[in-house]
Amino acid sequence: MKMLIGFSHPAIDFHRHKIVQPIFYHEKLKKRISTSKEPNGFHVEHLLMKIKVDDEIFLLDLVLNKQLLTSGFFHKYQENGTQKIHKHGSKDVDLCEYHGKVRGKPKSWVALSTCDGVNGVIYDGTELHYVSNHKNSPDSPPSKLDSKHYFYSHSNLAAHNKTCGYKGSSDVDHHNQIFRYKRDSDTELIRGPYNANRESKYVELVLVVDNREFKELGENRQRVVQHCKTIGNIINGLYSPLNIFVALVGVVIWSERDEISLSKNGDETLTNFLHYRREVLIKDHPNDNAQLLSKFNFDHGVVGKALKGPICTYEYSGGVNTDHSSVIGLVATTVAHEMGHNFGMEHDTNDCKCPDTRCIMAPSSSAEAPTHWSSCSLNYLLLAFTHGMDYCLKNKPKSLFDSPVCGNGFVEPGEQCDCGLPEHCTNTCCNATTCMLHANASCATGECCDLSTCIPKNAGVLCRSA
């Protein structure tokens, strides 16, 4: 395999890689670009990315994820023994995180960052792929979008013993057998992820970076924040099919010293981190969930640890994760897995149905792409929400970038509907170009809207629970 001059070795997580050179186009101006940043300092809202892998060409329609950062987005760090807080405005944070789809592949999804070359994940509807710039040093100048990158496919993931440290409830097999029985007997099934819950949920997330991780990223706070934004964007990509959206509230950097005792025992580290969240973090920076990113290696190949079911609790909504790979998509998947436990999900067992060989809540990683949620995960989520464990997730946080973007899938001020990009919109009631209702339509979203006629359902039809 050939190396790229000025680049590090390919990631050891994979036994095969490819070298690709993306081409980017400004979607509005229809011209080729080498950076997504415009002269005004903001990034292009709509991009087209073209990438050739072997003999196949992928066209990616990308939309800037303006919902990723909340209006009070901050990063906190230590300086000369004191805590410093930098609150970002829309003009001093580099929002370069995109989501989108592969053109012609309706089941695909994409989550990419363009601040430093291209970093992120591409799910083509069949397999998960990772794009990475893999520079020699964190201090190297930013990569251009059209420079050469490493491209990895999840099927080429090398064998290893990385696992989740969650031990599981004693009755997990019993619960999953019940879920299997219910699937076989019930007429009302959870047929897809958007039926897992009735309303959009919003997780306000804080990422905490330990001192080892800070040093690994060149002791560069800007690079740490960028690293966390990319991870948050990928986590959002994994959860958005569940109608759950992840917004990053802030990043806490232990730039001088760790504020908890870290142990090779994942349980001890998790206990210490949850105590820190309860006694320190949440009092200063309210959040729905907090996750620690660490370069500390836990025993027995454990790369993540979390408790089950406390997503809206004051004491337990959090997890600890090892930043175990230079491929950022692998790390983001680990964090998404641990958050899954916080949502009440158990590890998948043989009784769970998965579109792939393995799903996101598999107890350990493998060469199978973890891009879907199993039937058991959907049922655990539904069970948790039915019992009101989502009460903290119903408020949509105000975005740092509050101007509406037609095509991002969110209905924002000035819009009547938003069904995504025109190439992928299947809603006949919504004009995907203008994000306004078609002339004869009176609704386009909601359980009480008849999408076949674009008018509200008849009186007396139960469409929303009391």
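Using the three backbone atoms N, Cα and C, a Cβ is placed for every residue, glycine included.
Keep in mind that TrEMBL annotations are predicted by a computer and have not been checked by a curator.
Among the features that TrEMBL reports, active site is placed at GLU338. Taken from TrEMBL, the feature Zn(2+) binding site applies to HIS337, HIS341, HIS347. What TrEMBL records for CYS312-CYS392, CYS352-CYS376, CYS354-CYS359 is disulfide bond. The domain 'Peptidase M12B' annotation in TrEMBL covers 201-397. For 403-466, the entry in TrEMBL reads domain 'Disintegrin'.
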For HIS347 (Zn(2+) binding site), just count the other CB atoms lying within 10 A of its CB, please. 24
My understanding is the cutoff is Cβ-Cβ under 8 Å with a sequence separation of 6 or more in the same chain; which residues meet that for the residue listed as 'active site'? CYS164, TYR166, GLN291, GLY304, LYS305, ALA306, GLY319, VAL320, ASN321
What DSSP reports for the domain 'Disintegrin' (403-466) is 0 helix, 8 strand, 56 coil
Any same-chain residues 6+ apart from HIS341 (Zn(2+) binding site) with CB under 8 Å of its CB? Would you list them in sequence order, or say none? CYS164, TYR166, ALA306, LEU307, LYS308, GLY309, GLY319
Cα nearest CYS392 (disulfide bond) among recorded positions (HIS337, CYS352, CYS354, CYS359) -> HIS337
Which ones are near CYS354 (disulfide bond): of the recorded positions HIS337, HIS347, CYS376, which have a Cα within 10 Å? CYS376
Compute the centroid of the Cβ atoms of HIS337, HIS341, HIS347, then list the same-chain residues not in that set whose Cβ lies within 8 Å of it, in sequence order, for the Zn(2+) site. CYS164, TYR166, GLY304, ALA306, GLU338, GLY340, MET345, GLU346, ILE360, MET361, PRO363
What three-state class does DSSP give CYS359 (disulfide bond)? coil
Tell me the Cα distance separating CYS312 (disulfide bond) from HIS347 (Zn(2+) binding site), rounded to the nearest angstrom. 20
Nearest of the recorded positions (HIS337, CYS352, CYS359, CYS376) to CYS312 (disulfide bond) - Cα to Cα: HIS337
Rounded inter-Cα distance in Å - CYS376 (disulfide bond), CYS359 (disulfide bond): 10
Using a 10 Å cut-off on Cβ-Cβ distances across all protein chains shown, tell me which of the disulfide-bonded residues (CYS312, CYS376, CYS392) has the largest neighbour count. CYS376
